[in-house]
Amino acid sequence: MKNVFKLFSMDVRALGKNAIALIVTVGLVLVPPLYAWFTTAGFWDPYGNTGNIKVAVANNDVGYQSTLLPMKINVGDTVVSQLRANDKFDWEFMDEDEALDQLKSGQCYAAIVIPESFSADLMTVLSRETKTADIQYYTNQRENAIAPRVTSAGATALETGIDQAFTETVSTVALGMTNDLSSFLTGDGIESYGSALVAQLGQVTDQLNSAAREARTFAGLSGSTAALADTSSQILKSLGSTTTHVAPLLDEAQGALSSGTEALESAEKLADEAFSSASAAFEGLDGKVDAALNATGTAVSDGAATLDAAAADLDSLGAVYQKLRDAVAAADPGGAVVGRLEGAQAALEALAADVREAAQALQQQKDASQEQRQKVQASLDAAKASLDEAHSSYSSQLADSIARLSDTFARARNTSEKLAGQIDATAGSLADASSSLSENLGAVQKALSSTADKLEASAQSMASSRDQLSAALASGDMEKVRALLGDDPARIADFLSAPTQLVRHAVYPMANNGTAMSPFYTSLSLWIGALFMVVLTQVQPNAQVLSRLRRPTANQTFLGRFGVFWLMGALQALIVCMGNAFFLGVAVQHFWLYLLSGLVVALVFDAIVYTLTVSFGNVGKAIAIIALVAQLAGSGGILPVQLSAPFFQAVYPWLPMTYAMGAFQSTIAGICGNQLAMDLLRLLAWLVPCLVLGLVLRHPIIRFNNFILKKLDETKLV
């Protein structure tokens with residue numbers, strides 16, 4: 001360690017013996033603080049000289065004159081007069097074209113144009129249809145790049161100031177016009193104009209009361225509708241249990257439809273069977289009956305048996321027609337086909353009776369009389385005719401109907417199955433919708449009732465104003481009229497320009513903008529000071545100096561030469577910190593900790609830049625400059641780091657200047673917990689990689705570094 005301290009003392013004595021070296025050293029110590037002081041002072045109060053900001057104003061207002069008041073009002077002219085007396089900005093008055101030309105050429109910061117209809121638009125407050133009075137405001141974004149991008153920056157603050165000053169001026173003018181109106185009312189036309197105003201107030205009162213009544217009516221209607229919707233919701237919710245009873249009914253209906261389909265199919269089958277049996281029965285029946293009736297002698301008995309058999313067949317056929325008649329009656333009760341089938345059945349029964357009677361006559365008389373033959377033949381013909389008629393009626397009227405009805409039953413059965421599945425879902429959806437509608441209508445009812453209350457209150461207030469004004473006019477008390485209208489336009493204008501007051505509570509307050517910016521510029525100046533030292537001084541001792549040491553090692557020369565670098569860095573830190581506090585007036589809460597933080601920051605910054613330069617030569621200096629640029633954008637010194645690019649947000653926690661600024665901010669505004677200690681520890685942690693690189697890793701890369709230096713020397717330039 002003797003060589004380390006000896007080299008350090010030799011460097012200090014060498015600086016003191018050489019006047020030029022001493023001057024350079026003083027410059028190295030003072031230039032970084034001067035940089036910090038000038039930049040901090042420049043940002044001390046950048047928005048305190050807004051009176052030098054030029055704003056062009058063009059007034060195109062043509063004024064306003066109503067049929068009620070025989071006086072002309074030009075708010076634009078009065079605004080111009082008021083702005084001439086306003087020193088918040090440098091107002092310049094000109095026409096619109098010149099104002100825009102100066103704005104485009106950058107001769108003014110902003111331009112305000114008052115339109116032709118400005119006064120007329122302002123006075124629409126006295127009419128039923130109000131219209132906003134617009135003012136055209138132009139800014140040159142090319143001349144002020146920061147203004148449109150940072151809402152909290154100075155240009156936006158200037159625009160806010162312009163808006164507030166202009167609003168205050170316009171409000172003063174508008175309310176001053178009200179006082180002018182009050183003065184006008186003291187003239188000869190007071191009674192006529194006052195009466196007109198009272199009548200207008202009465203009309204407005206009636207309109208407000210009418211609107212309140214309509215609002216209450218709609219509120220009651222909404223309440224009734226809400227109750228109806230609520231009841232519907234309850235009914236639909238109960239439908240969920242009703243569907244459990246509907247399901248068996250639908251099953252029963254499906255069974256009935258199936259039975260109807262089966263009945264129709266049975267009717268068709270019976271009809272086919274009946275008509276086939278009739279055709280088979282009557283086929284050859286004429287010949288059998290004639291042969292039986294004409295039998296004589298011993299053949300009479302055989303003829304009687306034949307007739308009995310024919311009668312039995314006719315009975316069977318009649319039974320078939322009876323079933324057909326019942327089936328058709330079930331499918332088409334009261335239809336014409338049923339009557340035809342009943343007639344056919346009766347004819348078959350009559351024919352069977354006549355055939356049996358003829359058979360008995362044959363057995364008794366042994367032969368049939370001519371009368372008996374004619375009777376049987378007539379019955380046979382009648383039965384044939386009835387059967388043909390029934391068959392024809394069925395074919396033409398009922399067969400197609402039965403087929404269509406069968407299809408209808410089938411579709412009805414399918415529909416009933418779908419209906420059973422949809423009832424539950426539909427009932428649930430309707431119940432939810434009705435419940436939501438009830439809630440919404442309840443809210444509407446409350447809103448309408450509240451609106452009605454406010455309208456009634458406004459009507460009462462308007463009626464009170466009407467009565468007071470009417471009484472004042474009747475008594476001729478113009479002072480009371482003036483009191484009703486208001487007589488302090490300046491006070492009201494000040495309120496209208498800023499009706500809401502923001503009560504600020506600063507946590508760890510900074511006295512001014514310069515104080516808030518000093519941590520950034522102080523940290524920046526100390527890094528720049530470290531760069532100046534490695535540029536203007538030698539980081540490696542020369543052979544003459546080394547010869548005065550006893551067998552010095554590379555590590556000893558590294559630490560010994562760093563001593564003088566740290567000494568100059570400490571002087572830079574002390575001077576800049578004390579200058580901030582006593583020369584600029586930075587309000588420091590913890591002065592001694594502020595100085596300690598400056599010394600730690602200088603130690604770490606000097607170690608980083610010195611180690612990079614010793615290890616890599618000119619390449620190390622370039623790395624230090626690149627690190628400076630990265631910290632300018634990524635340390636959050638001017639803008640919040642959240643507004644920077646993703647790359648800078650990622651490297652923000654790894655930048656030394658981040659914690660240097662944090663330490664200065666804590667000592668200036670106030671310390672929260674262990675933030676100051678953690679920031680200083682994170683800064684001191686950078687000494688570890690510096691020592692590892694300077695004492696250990698530097699030796700293996702000396703050859704590579706010498707190669708780089710040789711190539712740079714060959715250029716005869718770098």
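Backbone N, Cα and C atoms are what each Cβ position is placed from, and that goes for glycine too.
Since this is a predicted model, take the numbers as computed values, not measurements.
Feature annotation from TrEMBL assigns coiled coil to 341-386. Per-residue confidence over the coiled coil (341-386) averages out at a pLDDT of 65.
Taken from TrEMBL, the feature domain 'ABC-2 type transporter transmembrane' covers 29-165 (among others).
Residues or ranges marked as domain 'ABC-2 type transporter transmembrane' by TrEMBL: 385-695 (among others).
The transmembrane segment feature in TrEMBL is assigned to 520-537 (among others). With a cut-off of 8 Å between Cβ atoms, the residues of this chain six or more beyond the transmembrane segment (520-537) that come close are 24, 28-29, 31-33, 35-36, 39-40, 43, 564-565, 568-569, 572-573, 576-577, 580, 598, 601-602, 605-606, 608-610, 613, 621, 624-625, 628, 631-632, 635, 637-638, 657, 660-661, 664.
The transmembrane segment feature in TrEMBL is assigned to 558-585 (among others).
Packing against the transmembrane segment (591-610) from elsewhere in the chain are residues 522-523, 526-527, 529-531, 533-534, 539, 562, 565-566, 569-570, 572-574, 576-578, 581, 621, 624, 627, 656, 660, 663-664, 666-668, 671, 676, 680, 683-684, 686-687, 690, 694: each is 6 or more residues past its ends and has a CB under 8 Å from a CB in it. Under the heading transmembrane segment, TrEMBL lists 591-610 (among others).
The feature transmembrane segment is assigned by TrEMBL to 622-645 (among others).
The annotation transmembrane segment is assigned in TrEMBL to 651-671 (among others).
Look at TrEMBL and you will find 683-702 (among others) tagged as transmembrane segment.
Outside the transmembrane segment (651-671) by six or more residues, the chain places 508-510, 515, 518-520, 522-524, 526-527, 586-591, 593-594, 597-598, 600-601, 604-605, 608, 627, 630-631, 634-637, 641, 644, 679-680, 682-683, 686 with a CB less than 8 A from a CB of the stretch.
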